[in-house]
Amino acid sequence: MSFSCGCCRTLGQMLFEYDTPRIVSIKSRKVGLINRLVQLGILAYVIGWVFVWQKGYQQFDSVISSVTTKVKGVAVTNTTDQGVKIWDVADYIIPPQEETSFFVMTNLIMTLNQQQGRCPEMPEDSPHCISDSNCTAGEQSSRSNGIQTGKCVPVKNRTAVHTCEVLAWCPLENDADLSHHPALLKDAEQFTVLIKNNIRYPKFNFTKRNILPHINGSYLKQCVFNRATDPDCPIFRLGDIVREAGEDFQEIAVEGGVMGIQIKWDCDLDQSVSKCVPQYTFRRLDNKDVQNTVAPGYNFRFAKYYKGPGEVESRTLIKAYGIRFDVMVFGKAGKFDIIPTMINIGSGLALLGVATVLCDVIVLHILKKKNFYREKKYKYVEDYDLVGNSPACETP
Amino acid sequence: MSFSCGCCRTLGQMLFEYDTPRIVSIKSRKVGLINRLVQLGILAYVIGWVFVWQKGYQQFDSVISSVTTKVKGVAVTNTTDQGVKIWDVADYIIPPQEETSFFVMTNLIMTLNQQQGRCPEMPEDSPHCISDSNCTAGEQSSRSNGIQTGKCVPVKNRTAVHTCEVLAWCPLENDADLSHHPALLKDAEQFTVLIKNNIRYPKFNFTKRNILPHINGSYLKQCVFNRATDPDCPIFRLGDIVREAGEDFQEIAVEGGVMGIQIKWDCDLDQSVSKCVPQYTFRRLDNKDVQNTVAPGYNFRFAKYYKGPGEVESRTLIKAYGIRFDVMVFGKAGKFDIIPTMINIGSGLALLGVATVLCDVIVLHILKKKNFYREKKYKYVEDYDLVGNSPACETP
Amino acid sequence: MSFSCGCCRTLGQMLFEYDTPRIVSIKSRKVGLINRLVQLGILAYVIGWVFVWQKGYQQFDSVISSVTTKVKGVAVTNTTDQGVKIWDVADYIIPPQEETSFFVMTNLIMTLNQQQGRCPEMPEDSPHCISDSNCTAGEQSSRSNGIQTGKCVPVKNRTAVHTCEVLAWCPLENDADLSHHPALLKDAEQFTVLIKNNIRYPKFNFTKRNILPHINGSYLKQCVFNRATDPDCPIFRLGDIVREAGEDFQEIAVEGGVMGIQIKWDCDLDQSVSKCVPQYTFRRLDNKDVQNTVAPGYNFRFAKYYKGPGEVESRTLIKAYGIRFDVMVFGKAGKFDIIPTMINIGSGLALLGVATVLCDVIVLHILKKKNFYREKKYKYVEDYDLVGNSPACETP
């Protein structure tokens, strides 16, 4: 019989039977309330956090962006050796174009008319010598400016001091004392940069740019970004960028640094597109080195090459201190999608099951009526070969 | 007794007892079918979507890539002031190398023999003046090309017009009217670029490059990418890139722009490695500005510096219009992994529980036999201090 | 009655009733053990994998980084045509600064004094000609160095060979045989690079840099990275980088290549900040092309422009072979957060339900006592219109 039942069941069950757990429904204000509260909490979490806050009903995509920058401004310097000199974009932007960043030279040490030749090492950053025996021909350290010839020669204008002679671009650069204070191109604070940023969310085939539709040419010609008055103007004064980052431009200008221009595009594409606008924030990316002044600032060397009469190559070496501005574009866009919605609803329902688990713990182990409830909830079964010597707690 | 039971149970339960919910199995074609259908739906979702479509059995990794590019081609220009001139890679690629992008100059405004000096502002992009009183010495706007000297002088060749004199690189660049139409280096359409792209999936320690194994040197010397005939050739004609992006090369060439070369590496590492090949797509990254022509195109300025007799520095200023090509490498690879498989199976089973929840709603609240079913499913219990005045629906 | 019960229940249930499934508790060593083992496994997975290994109690953030690099070193070359020459940073770093990478020239082909003019094509990489009829004026291939004039002229120093004359920068570069073996600037192996890397985890507002607090100026002046002795020194010898990547510097130096400097910042912000330190690893990013030598190495062309007497522009064309070092910064930081903790606990509990499902399968379908257990677990109900002809297995 149990067999015939077995087969008919296994067959029938497949289609025409429906299994649902048997429930004991306990009438108890206390437990009932506890249960509802826990369920309410879970519901609140699922709806409030997962759906409203985390937008669990949306599919997300992260931004793809392209950036172009254009700096404008002119600086004037007046130095003893060079006289009055004008610096424009072609002079102070190095290299002339980069993918997502631009470098503005704010200070420099210029060494004119360098030629391949022999000259004594700088006495400041290399050991002095008494005789040639102190210098070994061909030796080079990664810190020196050239290859030693093996001679020990007097330093120009300081015949008392002798250093090893080196093959190098002579005269050597003298950057012992940091150049110019305040920075030579201090006018850079007034420079402006136009940042053109086009973004795209491929999943939603959505594109936008930071020059918003309502911006017309005449406005763009004269506007400057100002969080209060001109928050949509894509033209930034370098001084403002640094100030908003809480730094002092003239201070950075001397030794150089790295600034971050962050553009955030967080868009809810279920809402109107006009609400999807860029947010600009500025930060200094390198440390200010208040506590330890190890390798501060940002600088690099480059040269302009000339050919004098007789094909002799000479160069002007420039140690450029300045500010590198990295444009960083972040952002993610969300749009309603059925799949994540289903998934979150599903897992939300599953979580509701946890409520019962918690209440059972309370009802069966904490409440003083626990044994009463247990006997209602549980039915104790022994393997039938043991039936008979079942413990007292078997329900009669 | 209830105590002794309490302890013996808690002890025994720990190991030698097995709790499983009691089930009421309802023989009903209708409900049974509903139940199976819901379960079938969930199963279909779990298997079809999570496993087959989303590859829920795989662990994923995103691509790390390195790109090098090499442009080839020669352009010839024939202008009144310069005569016939040849432009090769070293002339039109600025800067000579970048990490993931390259710029090809297609059009330019050249200003020869600029020297530091004094000259009148361009009448086109600055206010005219009648007397020196209109010009204030030392004044500079971020739009002007120099620092005003305070004088008001006649514009060269147009003595009628006066503008403020400025300290600047003279003569000033005249970009009032956009240079050359069609673009000077229109031949750039025929240039080709070899893109070498090496990718890596660190989690799987898998590396590959876009020069596929079957490509030999002789083929690489003469092939050009063609989606139909040569889909694996890593050499692209610039004109083809722009055309595939739905743009007109000669049009972009005039004012410049930014193109995206997207390389997609989606690899299923459970399948043969030979199926893991790059897919190339091309897009224009900056807006074409059909509706608003605000700051269109892409251009920047750079200079070549010379030293004439007497150490006088002069420069050739070049306003370069051109196309920047950004190479963007996307992609993710998947490979079977036991952990995500387990997780997805687990959550899939958990989801099946939802079927019962749904059916219970139907059975207990919608079907007209709901009360009958309820009494079978539920057992009602009052707190025993209330026993006696239990409602009629208590099962006897 | 069933109605009155229906309403009172639906109302009461809302608050003062608590539903919990009825459980059949089977006393059976075998099944009990199986059950516990499965649960133990799931618990082990949830605690061990999700929490301990995957840090399921943490919220994560990925790194934002800025990198600056500074190369130091001098190389000396001694060639027949140029004599002894010194190369310093300004000579071999091209372009002088990049955002996250730097290029060190290690080998080069120099073509001096190129001027716009007419000269025969290189016989090595272009077809020879017998008469002008073989050359079509104005023709240009993307592989040739110029535009054909239509003439067929003898090649310099090899009058036997004739090639088509081209308008180009003459004399043409001769890169038929790869330049110099060993590399010209083989000293580059001794160059050092200081890498300054500042990272930030915006979610936790945590910033750090790879020049660790305990590093002082004097140490930084003389240290060189060494995994064993100086693992915190941010100054790397180029030779060491290449060697650690398992490559031979002098070999790469000849044809060039791309190296990756990977900096990994995996930080557990629940632990002491001092444990959050960068890990440096090095890899070659481009293929070594052992099997197929298609387009090996890395090189590009650039030029230095000069103006001779009479304003004639000439240039020195340099085909630069070298190593591009890409600095890649990875990493994620984790910190305790209540939300992910809750979620993982919830899903962990839900998974425990799977244990019961598995055991039911065993108990009800595999064990030989399955029918006995079934009758305890199940209660069979027919639609009441069928009641009467219910099967024997209905529990009385």
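Using the three backbone atoms N, Cα and C, a Cβ is placed for every residue, glycine included.
All TrEMBL annotations are machine predictions without curation.
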Bond partner of C:CYS119 - disulfide, per TrEMBL - picked from C:CYS8, C:CYS170, C:CYS223: C:CYS170
Same-site ATP binder from C:LYS208, C:LYS221, C:LYS275, C:LYS319, given that TrEMBL records C:LYS70, C:VAL71, C:LYS72, C:THR192, C:ASN299, C:PHE300, C:ARG301: C:LYS319
Interface-adjacent recorded positions, chosen from C:CYS170, C:CYS223, C:CYS276, C:ARG301 when a CB lies under 8 A of chain B: C:ARG301
Set of same-chain residues at least 6 away whose C-beta sits under 8 angstroms from C:CYS129 (disulfide bond): C:CYS135, C:CYS152, C:HIS162, C:THR163, C:CYS164
Subset of C:CYS135, C:CYS170, C:CYS267, C:PHE300 (recorded positions) with C-beta under 8 Å from chain A: none
Other C-beta atoms that fall within 10 angstroms of the C-beta of C:ASN299 (ATP binding site): 22
Extent of the ATP binding site in Å [max Cα distance among C:LYS70, C:VAL71, C:LYS72, C:THR192, C:ASN299, C:PHE300, C:ARG301, C:LYS319]: 25
Cβ-Cβ neighbours of C:CYS164 (disulfide bond) (radius 10 Å): 24
CB contacts for C:CYS119 (disulfide bond) [other CB atoms within 10 A, all chains]: 22
Pairwise CA distance, C:CYS233 (disulfide bond) versus C:THR192 (ATP binding site), rounded so that it is a whole Å: 12
Integer Å distance between the CA atoms belonging to C:CYS223 (disulfide bond) and C:LYS72 (ATP binding site): 13
Densest Cβ neighbourhood among C:VAL71, C:CYS170, C:CYS233 (recorded positions), 10 Å radius: C:VAL71
Between C:CYS170 (disulfide bond) and C:CYS267 (disulfide bond): CA-CA distance (Å): 57
Least surrounded among the disulfide-bonded residues, given as C:CYS135, C:CYS152, C:CYS223, C:CYS267, C:CYS276, when other CB atoms within 10 Å are counted: C:CYS223
